[in-house]
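Worksheet: one structure, shown below.
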């Protein structure tokens, strides 16, 4: 066996020489224009944040950073509370831009942004804000994935993509119920659903409705926690109901995992089962 012209040579059954090309290095999954489109989306968000920053009063903004822990979130909340009443529009635009950006590019930490919405804007405004931003960010991710997502998914999650495609194909007639089930329950990560839905041909109107409706229960659970004030709750009640989300203020959370105990997850699964019940009934009738 020898080398010839950069290819591996081996003898075949007749004594001839067969050239085997050397394996080429892995190719980057995106083309130049796909990268340019993704970069343009990033720049639009960055310019929006710069515009908000320039309209804020001169001050020390070293506290402005994406929260990665509950401690970071509490520091951010304490500082932003002073600005929300006087600069509501700027804070609102900045919040929406950051949330949608994180959802679009699958940046972890949106749960902290949901908690922040409850702390700054209250329960009902916070839930509306979270649901609208999460839906907008998921939609942005949907269309971006439609443009550049297929090569990324095929290289990152090929098995999960095949599974999702098979499940969607089986449930075409009741696809909205299935997508609602996925949104309400933690069966598949929301990030994967956002990226994979256009690849497996989930229509956008079904994706939009399932996202908008399905995210409401989890958003309410998260936002209500952040809106609870420690001073308004009796200490004994907090101690006895530490695992009940309606009785925990943001300052009482020890970890993000405390948001979703067995009771909360069971409730979300119950809602998810209700959402797929029409599908099961129609299947039994047929």
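Each Cβ is built from the backbone N, Cα and C atoms, and glycine gets one as well.
As recorded in TrEMBL, the features of this protein are as follows:
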DOMAIN    107-223  domain 'VTT'
TRANSMEM  35-56  transmembrane segment
TRANSMEM  92-117  transmembrane segment
TRANSMEM  175-196  transmembrane segment
TRANSMEM  202-223  transmembrane segment
TRANSMEM  262-281  transmembrane segment
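The average pLDDT the prediction assigns to the domain 'VTT' (107-223) is 89. Counting residue by residue with DSSP, the domain 'VTT' (107-223) contains 98 helix, 0 strand, 19 coil.
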